[in-house]
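Remarks on the structure that follows.
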Amino acid sequence: MARSVTPRRKMINTGLAWAIGLLIFFPILWTILTSFKTEGQAIASPPIFLNFDWTLENYGIVMERSNYMRFLMNSIIIAGGSTILGLIVAVPAAWSMAFVPSKRTKDILLWMLSTKMLPAVGVLYPIYLLFIQLGLLDSRAGLVIVMMLINLPIIVWMLYTYFREIPGEILEAARMDGATLKEEVLYILTPMAIPGIASTMLLNFILAWNEAFWTLNLTAVNAAPLTAFIASYSSPEGLFFAKLSAASTMAIAPILILGWFSQKQLVRGLTFGAVK
Amino acid sequence: MATKASRSAARMMMAPAVVLLLGWMLVPLIMTLWFSFRTYLPLRGGDQGWTGFDNYVRFVTSSAFWPAVQTTLVIVIGVLAITVVLGVLLAMLLDQPMWGQGVVRILVIAPFFVMPTVSALVWKNMFMDPVNGLFSHLWRFFGAEPVSWLSDAAMPSIIMIVSWQWLPFATLILLTAIQSLDSEQLEAAEMDGAPPLKRFFFIVLPHLSRAITIVILIQTIFLLAIFAEIFVTTGGAFGTRTLSYLIFQRVLESQNVGLGSAGGVYAIILANIVAIFLMRIVGKNLDN
């Protein structure tokens with residue numbers, strides 16, 4: 001927005017915005033800083049900001065002691081697997097709803113979204129029982145299925161809003177020019193659909209990575225991802241600030257970076273394009 | 001454009017998603033309903049048969065029910081009030097010309113990507129710990145007695161943690177909405193001599209109403225189900241037991257599946273009342 005303001009005004013805006021931005025970011029910054037301190041420095045009074053002996057010791061201890069790599073792998077497999085599986089189911093569905101709409105398309109879309117409103121805690125025990133029966137409790141496969149199902153409505157909706165923006169005229173023009181179905185899909189539809197699919201993938205990976213209710217309740221040792229691993233630090237012996245910080249930093253860093261890249265899609269994805 | 005063949009192809013393409021979601025919705029829902037009418041104690045005799053509406057009555061009349069509903073509402077309304085008011089102000093600030101706008105935006109939205117278990121633990125230990133937390137250092141620096149936040153002021157603490165997590169979401173959505181505001185209209189109002197407050201209430205706020213509604217409704221859905229933050233901070237103690245958490249305790253901790261299931265049905269009804277409003281708004285948007 002090209003509004004002209006005085007340099008003074010711009011300076012005030014900048015100062016105020018940076019102060020608030022840093023205040024909001026501070027807990028994350030503090031966690032990252034603390035992860036490089038020794039335990040003694042982490043709880044020093046008054047607190048130490050930058051003049052401490054930077055150490056990687058905490059990262060080493062967390063990795064070694066708690067088998068961090070397994071939790072990380074579980075997070076990657078559960079978030080990644082459920083996203084891919086979700087896309088395989090959702091792309092054809094969203095595609096057909098966007099390009100062959102019927103009178104019931106809107107009802108189906110709204111119904112899908114309504115399954116998202118089902119409070120998880122209301123159906124926890126049935127899922128728990130089914131998982132015991134099927135041998136899925138504390139398994140990666142079980143978590144992949146649950147994550148896929150809870151995110152499926154969002155995947156379908158996001159893809160639907162993206163696909164609907166592909167203009168039908170382009171397809172028709174290509175057909176007039178004698179494009180075969182294969183050419184149509186390969187050279188026209190796929191390039192136009194890929195950005196939407198990519199942002200859907202990104203957002204769903206983030207949602208699945210951070211989801212905590214089902215992972216806390218359906219995993220114990222084998223399939224526990226980072227969300228559950230971090231929660232184990234809430235036990236009394238978890239008052240090791242530096243180690244907690246190192247573990248937290250390792251759990252949030254990948255998704256923080258992904259999230260920053262996808263902030264625009266986040267708005268569209270989470271409001272289904274209702275806010276422009 | 002749609003022929004008969006393409007229509008049946010479309011149905012085939014939709015089938016897997018529809019069937020999966022239908023199963024995911026109906027199977028556990030029917031099981032929950034079934035359990036809610038039975039005395040079912042997995043560790044104390046298992047399924048002991050039909051009890052009619054006993055569980056429903058017991059759940060509502062238990063002394064924990066109304067406080068849990070109240071706690072849920074206080075958290076939802078508190079977080080909504082904080083995030084919407086601060087979100088509007090912050091979005092308006094971030095819309096102004098400044099240096100390093102992109103970086104500030106990244107700083108502001110970061111908490112949204114922090115997993116709830118991490119943010120709850122970081123706040124609990126590194127900020128709110130009564131001995132070593134940063135707040136206690138700050139309090140002592142000003143000569144005040146440190147507060148043990150999560151036991152003495154448990155609700156404000158939880159609301160603060162959750163607001164920190166959701167403020168970025170509100171800000172981001174509202175900022176997107178503000179950026180679509182027609183600046184000519186604002187300038188015209190300014191030239192006509194409308195004071196800033198009037199411009200805010202008669203132009204900016206009405207323009208944001210749709211975005212605010214969406215923020216409120218989406219956050220409500222998530223806040224009604226809030227779990228991890230309570231699980232790792234207070235475990236439902238000190239008056240922070242929400243309806244969801246109460247049901248979780250009945251089902252998994254005290255292993256009374258029948259009673260918990262009845263609570264689950266109440267929670268589903270509550271969530272659906274909220275959902276109906278959301279559907280209306282999203283549905284309207286679908287038409288244009």
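Each Cβ is built from the backbone N, Cα and C atoms, and glycine gets one as well.
Look at TrEMBL and you will find A:12-33, A:71-96, A:108-131, A:143-163, A:184-207, A:213-233, A:240-261 tagged as transmembrane segment. What TrEMBL records for A:72-262 is domain 'ABC transmembrane type-1'.
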Q) Taking the transmembrane segment (A:12-33) as reference, which of A:71-96, A:108-131, A:184-207, A:213-233, A:240-261 has the most Cβ pairs under 8 angstroms? A) A:240-261
Q.
Looking only at the recorded stretches A:71-96, A:184-207, A:240-261, which one has the largest tally of CB-CB distances under 8 Å to the transmembrane segment (A:213-233)?
A. A:71-96
(Q) Checking distant contacts: for the transmembrane segment (A:71-96), what same-chain residues at least six beyond its ends satisfy Cβ-Cβ under 8 A? (A) 140, 143-148, 151-152, 155-157, 159-160, 163, 197, 200-201, 204-205, 208-209, 215, 219, 223-229, 250-251
